[in-house]
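Per Swiss-Prot, the feature Zn(2+) binding site maps to CYS37, CYS224, HIS249, GLU253. Residues annotated as motif ''HIGH' region' in Swiss-Prot: 39-49. Residues or ranges marked as motif ''KMSKS' region' by Swiss-Prot: 281-285. Feature annotation from Swiss-Prot assigns ATP binding site to LYS284; the stated evidence is sequence analysis.
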Amino acid sequence: MNEHALKNIPLRLYNTAERQKQELKPIKGNHIQLYTCGPTVYHYAHIGNFRTYIFEDLLRRTIQFFGFSITQVMNLTDVDDKTIRGAIAKGITLDEYTKPYKDAFFEDLKTLNIQSAEYYPAATDYIPAMIEMIKVLLDKKVAYKGGDGSIYYAINQFPRYGCLSHLHLEDLQAGASERVAADEYEKEHVADFVLWKSYDSERDGQIYWESPFGLGRPGWHLECSAMAMHLLGETIDIHVGGIDNMFPHHENEIAQSEACSGKKFVNLWMHAEHLVVDQKKMSKSLGNFYTLRDLLNKGFTGIQVRYLLLQTHYKTQLNFTFQGVESVKSSLQRLNDFIQRIYNIQTLQSDGQVDLLVNDALIRFAEALADDLNISSALAAIFDFVREINCLCDVNQVSQKEAETVINLMKKFDTILGVLTFDKREESIPVDLQEAFAKRQQARQEKNWTLSDELRDFIHQRGYLIEDTPQGTRLKKQ
């Protein structure tokens, strides 16, 4: 398996800001700094969230596949409009409200075999860093105090505002007299956005922090800027999230971070498309809102859900159906059965085709991933390889040594997929076949060739072979 050839394949990823694919070139050496938007822990994450997290996991694994080292930060938003409302409604502290959802999120990551990030910062642990950023923005006259006591970002003081979502600042009607205090809003409501939300006892209960600007709490957009810059530096290689994060969240992150540091915040932006259910937007009112736990309760496994969310390109809208999950079962079964078949190869000689097929499959797989994570083409390379090797197995043209190479390639594929099983299964031979085999052995000793042949044919009809080995005669699945 020629892994050296992978070094000559450039990894090209689609940059949302530039609207084109670009070769990944690290800021420092061979190391990638990756910031991925994590959950707002006001509820259990739903399968639409996990579509994005699976994409982020695919990106992380691909970066490593091509030989880069990585530091990944995935934030946990544990203070925002929704978490505060939830805590107040239940009459508990913010931490008491968010902790069960944080714990559940990490359980779900494990269930889906999503690799761990190096850092999972919670917003409430970085309030001092956020306050310091606001001080800098106020000093630079990019932020101001509104009549409601909150601190706002003046978007007309940042000429590049709109660079990510391709809005034109001169066309916007925002200004000091137009502000938005909500964490989430649409493009038609573009306005100066909140950095520090002034405390309101009716709205916020007992949830607030002290600051030089008065009691309150940070705006959602500021949280990610502060955590990203604190943990990864003023300029990072890649920032990733769902397409719904692009505006206003990521747009506002750029404005805050670059105004604060005077440097480019992110070199490459990537966004995953939405997930829909049966071609409809997921919503509780339509009864098509599913968490991972809902799917597990319906009998599906985390690996099946992972494969389903993985197999569609991240820039394509993913249509979730239960028929789709069922089809995934057969795909995984085919791959895992293939692995078991290769484990059972006993042939010592072959015609030498396997090494060529292994190298071709690896290059096809790598080139597909290098083309903006083209997972459908990567999967096609795997299934073509499985078909070709199965054909060789049918005519006993895969040796034991080559079988090891095939297994190693499947393990290499699974560093990306994270769905295969490599535990060798011991076949359980039915009792009646074991009895027939023992009777045949006895018949041969007694030279009862007619009975011996009848029992051999019975065993063959049931899908088993009688194989002679150095350890003696045994039954083997065909």
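Numbers run from 1 along the shown chain.
Using the three backbone atoms N, Cα and C, a Cβ is placed for every residue, glycine included.
Structure coloured by features recorded in Swiss-Prot.
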| residue | record | Cβ contacts under 8 Å, 6 or more apart |
| --- | --- | --- |
| CYS37 | Zn(2+) binding site | THR52, MET74, ASN75, CYS224, VAL240, GLY241, GLY242, ASN245, HIS249 |
| GLU253 | Zn(2+) binding site | HIS221, CYS224, SER225, ALA228, HIS239, PHE265 |
| LYS284 | ATP binding site | none |
Cβ within 8 Å of the mean position of the Cβ atoms of CYS37, CYS224, HIS249, GLU253: remaining residues of the chain near Zn(2+): ASN75, TRP220, HIS221, GLU223, SER225, ALA228, HIS239, GLY241, ASN245, HIS250, ASN252
Cβ atoms near CYS224 (Zn(2+) binding site) (within 10 Å, other residues, all chains): 27
For HIS249 (Zn(2+) binding site), the number of other Cβ atoms found within 10 Å of its own Cβ: 20
Assigned element (helix, strand, coil) containing LYS284 (ATP binding site), judged by DSSP: coil
In three-state DSSP terms, the structure that CYS37 (Zn(2+) binding site) belongs to: coil
Reduced DSSP assignment, GLU253 (Zn(2+) binding site): helix
